[in-house]
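> This is the feature table in TrEMBL:
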type	residues	note
BINDING	Gly161, Glu162, Ser163, Gly164, Ala165, Gly166, Lys167, Thr168	ATP binding site
COILED	1144-1258	coiled coil
COILED	1322-1422	coiled coil
COMPBIAS	610-621	compositional bias 'Basic and acidic residues'
COMPBIAS	1108-1117	compositional bias 'Low complexity'
DOMAIN	6-58	domain 'Myosin N-terminal SH3-like'
DOMAIN	67-755	domain 'Myosin motor'
DOMAIN	1518-1794	domain 'Dilute'
REGION	592-624	region 'Disordered'
REGION	635-657	region 'Actin-binding'
REGION	1091-1117	region 'Disordered'
Amino acid sequence: IASSHMYSARVWIPDAEEVWKSAELTKDYKSGDVSLQLMLEDGKNIEHKLDPKTRNLPYLRNPDILVGENDLTALSYLHEPAVLHNLKVRFIDSKLIYTYCGIVLVAINPYETLPIYGTDIINAYSGQNMGDMDPHIFAVAEEAYKQMARDERNQSIIVSGESGAGKTVSAKYAMRYFATVSGSASEANVEEKVLASNPIMEAIGNAKTTRNDNSSRFGKYIEIGFDNRYRIIGANMRTYLLEKSRVVFQADEERNYHIFYQLCASAHLPEFKALKLSNANDFLYTRQGRSPVIDGVDDTKELCTTRNAFSLLGINESYQMGLFQVLAAILHLGNVEIKDRDADSSVIPPNNRHLMAFCELVGVTYQDMSQWLCHRKLKTATETYIKPLPRLQATNARDALSKHIYAKLFNWIVEHVNKALVTNVKQHSFIGVLDIYGFLASFEQFCINYANEKLQQQFNMHVFKLEQEEYMKEQIPWTLIDFYDNQPCINLIEAKMGVLDLLDEECRMPKGSDDSWAQKLYNTHLKTCSLFEKPRMSNRAFIIQHFADKVEYQCEGFLEKNKDTVNEEQINVMKASKFDLLVELFQDEEKATSPTGHVQGTGGRTRLSIKPDKSRDTSSKEHKKTVGCQFRNSLQMLMDTLNATTPHYVRCIKPNDFKLAFSFDPKRAVQQLRACGVLETIRISAAGFPSRWTYQEFFSRYRVLMKQKDVLADKKLTCKNVLEKLVQDQDKYQFGKTKIFFRAGQVAYLEKLRADKLRAACIRIQKTIRCWLARKKYLRKRSAAITIQRFTRGYQARCLAKFLRRTQAATIIQKYQRMYVERKRYKQKQAAALAMQTILRAYMARQKYQALLREHKAVIIQKHVRGWLARCWYKRCLEAIVYLQCCIRRMRAKRELKKLKIEARSVEHFKKLNKGMENKIMQLQRKIDEQENRLVNERLVSLESSYTVESERMRGELSRLRGVEEDAKNKANQVSSLLEELERLKKELSATQQEKKTIEDWAQSYRDEMEKMVAELKDQNGLLKKEKDDLNRLIQEQSQQMTEKMTRAIAEETQQLETDLNEERSRYQNLLSEHLRLEEKYDDLKEEMALSSNVSKPGHRRTDSTHSSNESEYTYNSEYAELEDGTRGREVRKLILRIDTSLTLKLQKRVTELEQDKQLLRNELENREEQLQRASYINVFLFQARGAELEYESLKRQELESENKKLKHNLEEMRKSLLGNAATGAGAPGSPAYKVLLEQLSASCEELEVRKEEVLILRSQLVSQKEAMHHKVETALDILYDVSKLKDDEVKQAYVGLKDTNRSAAPDLRKLNEDGELWLVNQGLKETIRLLEHQLQTQRRTYDNEVESLRSELQNVKEENNRQQQLLAQNLQLPPEARIEASLQHEITRLTNENLDLMEQLEKQDRTIRKLKKQLKVYSKRIGEMGAGQTEGQTSPGQMVDEPIHPVNIPRREKDFQGMLEYKKEDEMKLVKNLILELKPRGVAVNLIPGLPAYILFMCLRHADYVNDDQKVRTLLTSTINSIKKILKKRGDDFETVSFWLANTCRFLHCLKQYSGDEQFMKHNTSRQNEHCLSNFDLAEYRQVISDLAIQIYQQLIKCMENILQPMIVSGMLEHETIQGVSGVKPTGLRKRTSSIADEGTYTLDSILRQLSAFHSTMCQHGTDPELIKQVVKQQFYIIGAVTLNNLLLRKDMCSWSKGMQIRYNVSQLEEWLRDKGLMTCGAKETLEPLIQAAQLLQVKKKTDEDAEAICSMCHALTTAQIVKVLNLYTPVNEFEERVSVAFIRTIQTRLRDRCESPQLLMDTKMIYPVTFPFNPSCLALETIQIPSSLNLGFLTRV
């Protein structure tokens, strides 16, 4: 290292505790110095001595910007301390357990469950390039899966590491990934079976060790097979070297295999009683480790999981119990106690319960087993000896038998798991997962280290090969890189006379021992091989220099484990067992049966067995093969398999020995890094050109080092020119075709230059800004001084001006003051003079006025005196004259009186007077009598006439009442019975009233008690008033708080209800999508089966079924029945039942219902046919009696009469119904609706009268044409009139007699009917009977309704009584305070129920009125059509007397186009084909009106409804739905097609609603549109079916858009630099270069915006509803935000300040797009809120507690896991940025601890918002729609 590089440089120095420690150089290093002056990170200064021999300087430390990289090969300085530090920073600070090291994935065991393995993470990594995402086991699995599909080459994933490093878990997650992303090729759920093998193998092959709670004690290689479509079809497992010694021995703090503890924990279950198990501490084989329980693990639940996995793999319950029986026998065998008999023999005490249990479980005899546990058989050439065994050897033999049985059981389970995973589908390729494990025992450790040496050699060769390929591809000259070759170590182990060869030879020796074998090793290799050493203090051990380190092996036990011997007689006893499974374990493999009954398929690749070759003659030869030989052969096969595949490496690291979560021990980590080959990979990379940049990345990163003149159009030439200037030594870099290769340290040098340039730029910027700030400050001060001066001078000037103004004002004031004084004095003098003059003149005037007044008054007095005197004289004269007159007149009167008295005394005079008076009186009397006679005569005449009229009326009324009386008598019995029933009901009602009275009395007493109690409470209330006053304030505060709380609660409840509604809607729509997927799956299976069966039925093909449509279900069932009649029917039925049994049962049920409906319809059809035949017979018989002309006229008249009567009857019923509902709703008399209805009814009545007149005209015509029959017709009419007066009984008797007469006189019928007399009588009788029956039915219905209403009322009273009693009983049990509350609550409930009942009644009446209106419109329309043109066809009877007989024609006027299209039934398929299947959306959208197919279909549907053809309606709707499904299935990936049919389906749905006749959909219709409403059918159910279809199309549209947008989002939103130069590119490692897919073109944000605009314009052209477009756009933006945020959370290189700015700019562009399209209110912007907050989180300060509080309040749309993940991933791009401290992240976690949210890290990109279809009526009139000829729909007729 040059001295210029060493000044102020940071280096790594060795340390005993931390392995490597960071330090900074404080003094410049000069050549020849023997030490360095360093300062540690804690500020301590030290002196570091250099090695005097090598003089090697310490390792340089990488810049901080490179620390924490995803790939270790991206580091500029590649060495051990850099690797260790990078792993530590990622593991401790960022909580990242995965890191790339070139082609190796380094996985550190966190000893904690992390939420990074869910399905959402799998989906996020699926389809991604390996370098694009953060390191993960899923990324390695995806790379293997992708390379398998791309290169057509098998793959392998090699997982290695120490025990407890997490190898098994890594392998398990890799298999889970394959099972999730690939799916299975059949319905057998192979991926589930592959995953189900894990719990089985963990139970029988994993155990707790001191290093790991779930350590694999065997090696395994699992091959996952794929077909040619790369779907899982099966798997195969190979196992290596099971640790059998663990069965009989466990060290402290360790356990036996999990399955033993699971059985002991489940011993209490009934099915395990026969196993005679108990606690694990009761058995020797499970208690030696003294740790029978694992924290957090429930062995009982684990056994359930294991059993479920067995069942899933097809191992039935009987075999499972057999396995558990063998395992329990092993535990009992371990408890068999063997005692010494003497020094050379041993014995088992008799009746040993454990041995008896063992023998009972395995089905062997107690005697044989106890015999051969303590003895063995020795064979010589001539004799056989039975030798007793000492206790120690007998115990070893017992343990050897236990190990052997368990090994056999283990192999049997593996074999049958493989059989369950095998398939008959041909295997196209496979991915293997190798889990190599670590042992603690000597022999097993030796074997595993041998395997690791072979794997390391293969790894080194592969790494070297990749480096060579990279250099050759880039055309860079390369030299051979020296790397460690461990072939000598492999030769030492496996070559001739190697360790294994000598071990096998010693095992064949009769008296071979571990000591003799050790001596042979010493003699053979000690002097000849440098890798073999002998320990100084031991003669029974040896040391081998492995790749990782030196390992010392103890020779004790090697021979025994290598031989793996078991007493042969014990094996024979096992083979003689009565237990079938045990016999199967010990017999030849080829004779074993499968518990699943499956036969291994012929297809696929040949499976490699873990067992030796089956072609051996006997099993005895197998036993002669040693364990070491078997392992060597298996390892060779494994290496051959791995060499034939592309390997992927996962190195698992154990961070500490204490299983502490996220605790990193550098010593342990560096040991494993050295051992697993990671550092060798680093060394190989560092030996060449480890740092590699593309020309574009180099230009973007180091553009700051270039001058403007250096930048050329050719980026490659620009980079070359710049590098030649920056780096003088050309050996430090090489130019490839697409990349620049750098030696180690050069990137750090370039980063230093870049940092220096940026630092200089920063200094210049700071200088400029400081200058600008200082000048700004000076200018501000100068401006302030000038301002002060200006204000001061202004103030002085204002003071002078003020003085001058005051002086001038004082002068003016003096002037005006003097003027005012003088003027005031003058005014006073003037006023005094004027006052004196005024007074004088007034005095003189008053004197003059007084004189004049006195003179005038004197004249008046004189006048009045003179008048009075004159009047007095006149009065005296007048009185004298009057007096004189009176005296004279008195005198004359006296004289006249005297004369009259004399005349009165005369008689004659009296007589004269009387005679005159009598004459006058007689005259007056005569006049009075004449006048009275005249008035009486007039009154009598009027009374007589009125009496006559009233008599006639009464006679008619009397006759009517007599008929009514007769009717009443006929109903007397019914009335009496009803009266009796009514009397009984009255009695019950009276009893109920009595009970009610009793209850009221009780209630009264209860009320009295309550009043008394209330009085007491009032007294108490007086005592509590003081407390009340004190608590009022508190209550008010609490009430206010409660109000706020209730408001919040209501808001939350409302939000929750909306959320629940959306979830329910989403759940329903997800079920629809799942239903559609199953339908498509069923159709695919049906097509495949049809192809395989070679059975074709011409003209019959099933369309897609819609379960909500009865027609679809009927079609499905009918075709299903036809399939049953075929030759392949049974196979089809089995397949259908296997696919979906519930669907088949549902369809079968539907078939039964349809058959019943069919039978009912058939019976009804037969009845109607019989009636028609009977009627036709009568008509034919009658027509034979009359002429042809009269026959035509009579039929015409009958038709008119029947139609008129029917219409009149319907109108009368409507009138009664309206009058019956007159008291409620809009139909009340006087309301507008009622008046309209009455007007329509009156109009209909007028039309009926017109019809009646037409009938009379026809009758008159008949009379005029047939005068000869006139008198007979009159007779018949008289008979008809007499018949109408008959009573009911008389009419019935007459009718019966008439029928008998007709039957008896059949031969004379023609004679009787010669003139039509019989026909007329028959018609009259029919009409009379019909009328009487109608009246009788009406009365019966009335009585029935009254009785029913009384019964219902009584029932309601009873229910109310019972409910009141229950409530009273409940109230008695409540405290007094609660009783009142309960009664109020009850009253509220009652009123609410009554209100609801009234509302229901109102709704029913509204529906009835709407229905009547609809019927009235129909009848009015029909009457109008029938009455058109009647005036032209009416003629008088007299005009046709002499004319021949002709039919009466009533012409109809031409109608307007009604907006309907008529088609023939046979043209339905042509309609569907031309309008749906073969329609091109692009042409329709551009040239025609939007939604035209929907309008055409609806117009066809309207005509089918108009003609009342339900079959046509059903078939049209079913064909439309199935055809849309078919075209979407065929072209479902075409966005235009899906969008087009979504718009048309919605328009069709809106048309069905708009013209349904419902008021809620008719509000916006025109009167003409209301006339076009459907009249006969209610298609509400089909509306739901079409709505479901629209939901399915919407989901397909979203998936189609997602497939188009998905490749653009990450590139356009994250990777592309919309703002050039803001974000720099950091150095990348090897993974970025070995991407699985080449760059196919870069998408930008403009690409996304263009695509969104294309989507929007297409939907607008197709006429999609605006509300639906808003929902689509909202879903689009959610997908963009979710995918972007998920990738941000999984990519460390994207979490930087500059990237946050890029994201915010991109989001603003999306918002601008929304604003341009007018979609800001659709909710799309809110879906981007999590992404916006994540971008803000990248840009805000992240240091202080205030920053933490701001982040917590700002990031409300992000979960805690997402916030912490972003902070952990935050990576500075430049040296000026700072990392987020661990303390700050912990502060954030503490503050967000109380959040209630989902722990899920990633957003669900598959989530689809529930869609709604708001009603959007069309203003387009149906009659104006024209059908273009281009649609080829000429067969449609406009109606």
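Each Cβ is built from the backbone N, Cα and C atoms, and glycine gets one as well.
All annotation found in TrEMBL is predicted automatically rather than curated by experts.
In the displayed structure, how are the listed features positioned relative to their neighbours?
The number of other Cβ atoms within 10 Å of the Cβ belonging to Glu162 (ATP binding site), over all protein chains shown, comes to 22.
Beyond the region 'Actin-binding' (635-657), the same-chain residues lying 6 or more positions past its ends with a Cβ under 8 Å from any Cβ of the stretch are 87, 91, 101, 103-111, 137, 140, 143-144, 147, 151, 153-167, 170, 174, 211, 221, 238, 240, 432, 434, 450-451, 454-455, 458-459, 462, 608, 663-665, 668-669, 672-673, 676-678.
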> Near Gly164 (ATP binding site), which residues of its chain come within a Cβ-Cβ distance under 8 Å, counting only those 6 or more away in sequence?
Asn109, Thr209, Arg211, Asn212, Ser215, Lys654, Lys659
> Given the binding-site residues Ser163, Thr168, which one's Cβ is surrounded by the fewest other Cβ atoms within 10 Å?
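Least crowded of the binding-site residues Ser163, Thr168, by Cβ count within 10 Å, is Ser163.
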> Within 10 angstroms of the C-beta of Ala165 (ATP binding site), what count of other C-beta atoms is obtained when all protein chains are considered?
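So the Cβ neighbour count for Ala165 (ATP binding site) comes to 26.
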> On the DSSP side of things, how many residues of the domain 'Myosin N-terminal SH3-like' (6-58) fall into helix, strand and coil, could you say?
1 helix, 24 strand, 28 coil
> As a test of reading the model: what is the averaged pLDDT for the domain 'Myosin motor' (67-755)?
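That stretch averages a pLDDT of 83.
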> Do you know the DSSP helix, strand and coil residue counts for the region 'Actin-binding' (635-657)?
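Within the region 'Actin-binding' (635-657) the tally stands at 9 helix, 8 strand, 6 coil.
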> So for Gly166 (ATP binding site), how many other CB atoms are inside 10 Å of its CB?
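There are 25 of them.
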